[in-house]
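A.B. asks: So TrEMBL says this about it:
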COMPBIAS  39-51  compositional bias 'Basic and acidic residues'
DOMAIN    321-553  domain 'Major facilitator superfamily (MFS) profile'
REGION    39-80  region 'Disordered'
REGION    514-533  region 'Disordered'
TRANSMEM  90-115  transmembrane segment
TRANSMEM  135-153  transmembrane segment
TRANSMEM  190-213  transmembrane segment
TRANSMEM  220-242  transmembrane segment
TRANSMEM  254-272  transmembrane segment
TRANSMEM  317-343  transmembrane segment
TRANSMEM  363-381  transmembrane segment
TRANSMEM  393-412  transmembrane segment
TRANSMEM  418-442  transmembrane segment
TRANSMEM  454-472  transmembrane segment
TRANSMEM  484-503  transmembrane segment
C-alpha cells in the first residue's frame with residue numbers, strides 16, 4: 001500500500017478537506033479515517049470504487065499523483081478515454097451474426113400472419129365467437145416477451161456479457177420452437193411459442209444491438225443500418241418459405257424448420273466478443289475488496305460482503321437513466337406509439353382474405369413490407385449518421401406519423417395494388433423507427449448507460465405491443481370486420497409522434513441550463529458537454545456487455 005508524504009500534492013489537497021488527524025503512516029495531513037480509503041486509492045493511482053469517473057475520464061496513474069514505480073500500460077484501444085472501436089475488421093463478422101439474429105427473430109415474428117392462418121385452421125372452434133382473439137395471443141405473447149424481458153436481459157448482459165447471454169437466449173428460443181411442433185393445444189403453444197420462444201429471442205436479440213457499440217462508433221448508424229437492412233431479407237424470404245414450402249408440410253414440421261434458424265444463431269453468437277477497457281470492471285472488483293460498509297478498513301468481513309453486494313445491486317438495477325428527463329419522455333412516447341405497431345403483421349393476411357377472397361398472393365404483401373423495411377433501414381441508417389445529436393428523433397417522429405396514417409388507410413384500399421403501395425410506405429417507416437432506436441439511446445444517455453436504457457425502453461414497449469393484436473382480434477369478433485381495428489391502430493403512433501416531437505427541444509433547454517450553471521473558470525480546458533458526459537460515466541458504470549471473465553478471451 002502506497003503512503004502519502006507530508007508535502008505531496010495529495011496531502012495538500014486532502015488537508016483542505018478536514019481538520020481531523022490522518023491515520024496514514026508518515027502523513028501529517030488532517031484526513032479522517034472514514035475518508036482514508038479514498039486517499040489510499042488515489043495514492044496508488046486507482047479510482048475510488050464509488051467514483052470511477054477517474055477511471056473513465058483519465059488513464060491509470062494521473063500526472064497529478066506521480067508514482068514511484070512503473071506505470072503499467074494497457075493494450076492499445078483498451079484504456080479509458082483512449083478506447084477506440086476498430087470500425088471494421090472482426091466487427092463485420094459480428095455484424096453478420098447480428099444480422100442473422102435480427103433476421104431470424106423478426107423474420108419469424110413478421111411472418112406470423114401466415115402462422116396465424118395455420119393456427120386458425122388447427123384450433124378454430126365454430127361455436128367460439130372469440131377465436132381470433134384467442135389465437136392472436138400466441139403471436140402477441142412472443143412479440144411482447146421480447147420486449148418485456150429486456151430490462152432483465154440488460155442485467156444479464158452487464159453481468160455475464162453479450163456472448164453468454166446471446167448464446168443461451170438463442171438456444172432457449174430453439175427449444176421453444178422445437179417444442180411448439182409437438183404441442184397439440186392452444187394453451188400449450190402460449191407457453192412454448194409465446195413464452196419460451198419470446199423470452200429466448202429477447203436474450204438473443206438485445207446483445208446483438210449492444211455488441212455493435214463495441215466495434216463501431218463513428219459508423220454505428222451504418223452498422224445498425226446494415227444489420228437491420230440485411231436482416232429484412234429474412235422478412236422477405238420467410239413468407240415465401242412458409243407459404244410455398246412449409247405450409248404444405250403442416251404446422252408441426254413448419255415449427256421444426258424454423259427452429260433451425262435459432263440453432264444456427266446460438267453458434268453465431270459465439271462471435272460476440274466484447275471490446276472494452278479492462279479497468280471497466282476490474283476497478284470495481286478491486287475497489288470493493290478493501291472497503292467495508294461505512295468506508296472502514298478491511299477488517300469487517302460482513303461489512304465488506306454487504307457493501308460489495310449493494311454496489312453490484314445498485315449497478316445492475318440502475319434506474320438512473322430515468323432521472324434524465326429527455327430519456328423518460330422518449331421512452332414513454334415510443335411505448336405509446338407501438339400499441340398499434342404489431343396489428344398489421346398479425347391480422348393482415350386475414351383481412352386480405354375477407355376483403356379480396358383467396359387471391360393466392362397475400363404472402364406478397366409481407367414480402368413488400370420486408371423489402372421496403374430493409375430499404376428504409378439501410379437508407380435511414382446512413383441518414384441518421386448525417387443528422388447530429390438528438391435531432392435524429394425527428395426521423396422517428398415522421399415515421400410514427402406516417403405509420404399511423406398508413407394503418408388507417410388499409411381499410412380504405414379497394415384494390416390489391418393500392419394495399420401494396422400502403423404497405424411499402426409502412427415498411428419504410430418501420431425501417432426508420434428500428435434503425436435509429438439504438439443511436440438515439442446512445443445520444444440521450446451516453447455509451448455507459450446505453451444497454452440498460454435500451455432494455456428499460458424495450459420493457460416499456462412490451463405491454464402495449466402485446467395488447468395491440470388481441471384487442472384488434474376482439475374488435476374483429478365484435479364488429480365482424482377489421483375496419484375499426486385498423487382505424488384505432490393508427491391513433492397511438494400519431495400520439496407517440498407528437499410526444500417525441502418535443503424531446504429535442506427539451507434536450508436543448510436542459511443543455512442550456514447546464515451550461516449556465518457550469519463555472520467556465522473551474523476547468524477552462526474542458527470541452528463543451530464534458531460535464532454531461534461526466535454525469536453519465538459516474539458511479540462505476542461501464543460500457544454494456546463486458547465482464548472480467550471475457551477480458552482475456
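Cβ from N, Cα, C; glycine included.
Remember, TrEMBL labels are computer predictions, not curated facts.
Predicted, not measured: the structure shown is a model, and the values here were computed from it.
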A.B. asks: Given pairs 6 or more apart, does the transmembrane segment (418-442) have at least three Cβ pairs under 8 Å with the transmembrane segment (220-242)?
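C.D. replies: In this chain the transmembrane segment (418-442) contacts the transmembrane segment (220-242) - 3 or more Cβ pairs sit under 8 Å.
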A.B. asks: Which stretch from 190-213, 220-242, 317-343, 393-412 shares the most C-beta pairs under 8 Å with the transmembrane segment (454-472)?
C.D. replies: 317-343
A.B. asks: Check for me, if you would, whether the transmembrane segment (220-242) reaches the transmembrane segment (484-503) - at least 3 Cβ pairs under 8 Å, residues 6 or more apart in sequence.
C.D. replies: no
A.B. asks: Among 254-272, 363-381, 393-412, which stretch has the most Cβ pairs under 8 Å to the transmembrane segment (484-503)?
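C.D. replies: Of the candidates 254-272, 363-381, 393-412, 393-412 scores highest.
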A.B. asks: Relative to the transmembrane segment (90-115), which of 135-153, 254-272, 363-381, 393-412 accounts for the most Cβ pairs at distances under 8 Å?
C.D. replies: 254-272
A.B. asks: As a test: from 190-213, 254-272, 317-343, 363-381, pick the stretch that has the greatest number of Cβ pairs under 8 Å with the transmembrane segment (135-153).
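C.D. replies: Between the candidates 190-213, 254-272, 317-343, 363-381, the best contact partner of the transmembrane segment (135-153) is 190-213.
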A.B. asks: State, in range form, which of 254-272, 363-381, 393-412 has the highest count of Cβ pairs under 8 Å to the transmembrane segment (317-343).
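C.D. replies: Checked against 254-272, 363-381, 393-412; highest Cβ contact count belongs to 393-412.
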A.B. asks: Below 8 angstroms Cβ to Cβ, which residues of this chain, lying six or more residues outside the transmembrane segment (393-412), approach it?
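C.D. replies: For the transmembrane segment (393-412), the far contacts come to 330, 334, 337, 340-341, 343-344, 348, 351, 380, 383-384, 387, 419, 422-423, 425-426, 428-430, 432-433, 436-437, 440, 482-483, 486-487, 489-494, 496-498, 500-501, 503-504.
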A.B. asks: Which value does the mean pLDDT take for the domain 'Major facilitator superfamily (MFS) profile' (321-553) in this predicted structure?
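C.D. replies: For the domain 'Major facilitator superfamily (MFS) profile' (321-553), the model's average pLDDT rounds to 79.
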A.B. asks: Using a Cβ-Cβ cut-off of under 8 Å, list the residues of the same chain that are 6+ residues beyond the ends of the transmembrane segment (363-381) and lie near it.
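C.D. replies: Residues 107, 110-111, 113-114, 221-226, 228-237, 239-240, 242-243, 344-345, 348-349, 352, 395, 419-420, 423-432, 434-436 contact the transmembrane segment (363-381) from elsewhere in the chain.
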